[in-house]
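Below: the structure, in structure tokens.
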Amino acid sequence: MRPIPSILGALGAFATLSAAAPLESTLYGPGASHARSMLGSSFGVPGNQTFDYVVIGGGTAGLAIASRLAEQGAGTVAVIEAGGFYELNNGNLSQIPANDAYYVGKDLDDWQPGVDWGFHTVPQAGAYGRASHYARGKCLGGSSARNYMAYQRGTKSSYQRWADMVGDQSYAWENFLPFFEKSLHFTPANDALRGANATVQYDPAVLGNGQGPLSVTYSHYVQSFATWAQKAFLEMGLAVRNCFQSGELLGQSFGMYTINATTMHRESSETSFLRRALAYPNFMVFQSTLAKRILFDGKKRAVAVQLDTQGYRYTLTARKEVVLSAGAFQSPQLLMVSGVGPAATLQQHGIPLVADRPGVGQNLQDHIIYAPSYRVDLITQSALLNATFEAQANRDYHERAAGIYANPTSDILAWEKIPEPKRSAWLSNTTRRALAQYPADWPEIEFLTMGGFFGYQNNYVRDNPSDGYNYASLAVSLCTPRSRGNVSIASADAAVPPLINPNWLTDPVDVELAVAAFKRARDFFGTSALKPVLIGDEYFPGERVATDAQIEDHVRKSFDTIFHASCTCAMGKREDQMAVVDSKARVIGVDALRVVDASAFPMLPPGHPQSTIYALAEKIACDISGAC
């Protein structure tokens, strides 16, 4: 969707970093002990070794829980990560917020092997048999280095539902909230750089004490489209809310993002939790290393992890526990190749059965996204295709941490239930009854203002119009997905990609809601508030897409995932045969093994799961260490 900053800009950014301090100082920060002042002290050399805890996956949850276990004195901790530093393996692209749409398109070749696994789905019935690239972070930071950086929490009722599903009230809003706050280092908006008509509202009482490692803030740049969109949302009946961190979502707000408040670089679990943990003498990372299999003793206790570093095989032994944080696709995959999963699947691949858990890989839930687009009489990220504008934007970003490159494409997030009378007119009785099962505060649709062109989402960079116009879109995402997918294995070898079947848009309720959501996006562009800035009629898909059948057809062709895959190692009560982990994230049927990532969610809360993944990691770390 956006061009790469100029080579001079990229080199300038690197030169600034190099001149300021050696790499070790940059990563460790002030106050690091002399004994750990060399970067290599925190990175393991391949070979058989023993630790108290072995964490598989250096992603969003993995680095958070590993860092906390080391910090809280639980013992020695090793982290296994298949990738390396995204700052080195992806140029500036992963660090600059405005470049978050690189290598995330549906096309199977729109991926970058330095930071992405290159996974793709099996052909999707809900998308006319299309298989899609599904971006997943293969780097330190995992998908927190690949996501769109939105930081927002689910609703109070969604966490209450979680608590009820797993039989543990520690997941109810009031009890779970401290673990959200624990991660945060919140910085208020810089109004001087954000400009006019971009005032934010937030509740500081739910944003922690500022001692957490994870920087959350507002972008230093607000696209003009957002200020007009705010008026349009008000016209649609969506009131301004306080920052979406207090367990309430219905309404609109400028979004908070995981961005470094000083540099406007992406904040990930690597730049936050890992960099803090590098100073701990009981912490070690094995990067560029693939976990092949979890090993169990005769009592079904997880005792070690078999690894592969560029063909060299070795084992890390865990005295206390193995923590699996490989994500919604690879956590179930690794369980299955290790002998934990549906017995029939394991038998098919000749894998000795350790524990028959039929729920492993099932219950996959996800959010989809799509958008109509207009030409607008405003500066949007489309302007970055103009060389003069891009050069100035490059200077603004690298010299002042300002300008459009500091903006992660979306400014305002908004949520709603389809309002009456359109609800009765657009949705069938069956769909309305199904949606009535969700609590009153649980939204059905999310809106995201986007300063750019969306299109079919095959390849944002390649497909961005270069006709000199500025484009804006209103993306919509479904918050009540009822379609259920699954993850399975194609081989007993963890190096062979898993079989990913999100099963998007296979439930009729999802399909009806998807059509209604598209109509609401058109309502947005039809407001009187936006008339002064729209140029012509709807550009994409255009007025030829008019009937419900045509809208459904268009949605099926144009939607993509927003990369919220979850629930494939679902948490539940121990008596539930489909549950994979209990409320302490312990794998049912074996000992000394936990799953801590989005795969352990019992259900997908509305909105963006990043904050909940961090909170879950914080909570389970405290459960393990007992030192919180």
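Any Cβ shown, glycine's included, is placed from N, Cα and C.
For 1-20, the entry in Swiss-Prot reads signal peptide.
The N-linked glycosylation site feature in Swiss-Prot is assigned to ASN48 (among others). In the three-state DSSP scheme, ASN48 (N-linked glycosylation site) falls into the coil class. Same-chain residues at least 6 positions away in sequence with a Cβ under 8 Å from that of ASN48 (N-linked glycosylation site) are, in sequence order, TYR314, THR315, LEU316, THR317.
With a 10 A radius on its CB, MET149 (FAD binding site) counts 24 other CB atoms from all the protein chains. For THR60, ALA61, GLU81, ALA82, ASN147, TYR148, MET149, ALA150, ALA598, PRO609, GLN610, the entry in Swiss-Prot reads FAD binding site.
Note on ASN92 (N-linked glycosylation site): other Cβ atoms within 10 Å of its Cβ, all shown chains, come to 19. ASN92 (N-linked glycosylation site) falls outside any helix or strand according to DSSP and counts as coil. Positions annotated as N-linked glycosylation site by Swiss-Prot, on the basis of sequence analysis: ASN92 (among others).
Spatially close to ASN197 (N-linked glycosylation site) yet at least six residues away along the chain are VAL222, THR227, GLN230, judged by Cβ distances under 8 angstroms. Swiss-Prot lists ASN197 (among others) with the feature N-linked glycosylation site.
For the recorded site, ASN260 (N-linked glycosylation site), the DSSP three-state label reads coil. The N-linked glycosylation site annotation in Swiss-Prot covers ASN260 (among others) and rests on sequence analysis.
According to DSSP, ASN386 (N-linked glycosylation site) sits in a coil region rather than a helix or strand. Long-range neighbours of ASN386 (N-linked glycosylation site) (same chain, six or more residues apart, CB within less than 8 Å of its CB): GLY468. Residues or ranges marked as N-linked glycosylation site by Swiss-Prot: ASN386 (among others).
Annotation for ASN429 (N-linked glycosylation site): no same-chain Cβ neighbours under 8 Å separated by at least 6 residues are found. The feature N-linked glycosylation site is assigned by Swiss-Prot to ASN429 (among others), with sequence analysis given as support.
When Cβ atoms from all protein chains are considered, those within 10 Å of ASN486 (N-linked glycosylation site) total 18, not counting its own. In this structure, ASN486 (N-linked glycosylation site) is part of a beta strand by DSSP. Annotation source Swiss-Prot lists N-linked glycosylation site at ASN486 (among others).
Just so you know, the Cβ of HIS564 (active site, proton acceptor) picks up 24 other Cβ atoms within 10 Å once every protein chain is counted. Here Swiss-Prot flags HIS564 as active site, proton acceptor, drawing on similarity to another entry.
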Distance [Cα-Cα, Å, rounded] between ALA598 (FAD binding site) and ASN260 (N-linked glycosylation site): 24
Residue, out of the recorded positions THR60, ASN147, ASN260, GLN610, whose Cβ gathers the largest set of other Cβ atoms within 10 Å: THR60
Length of the line joining the Cα atoms of ASN147 (FAD binding site) and ASN260 (N-linked glycosylation site), in Å: 15
CB within-chain contacts under 8 A for GLU81 (FAD binding site), separation at least 6: GLY57, GLY58, GLY59, GLY62, CYS139, LEU140, GLY142, VAL285, PHE286, GLN287, SER288, THR289
DSSP-derived structure type at ASN429 (N-linked glycosylation site), helix or strand or else coil: helix
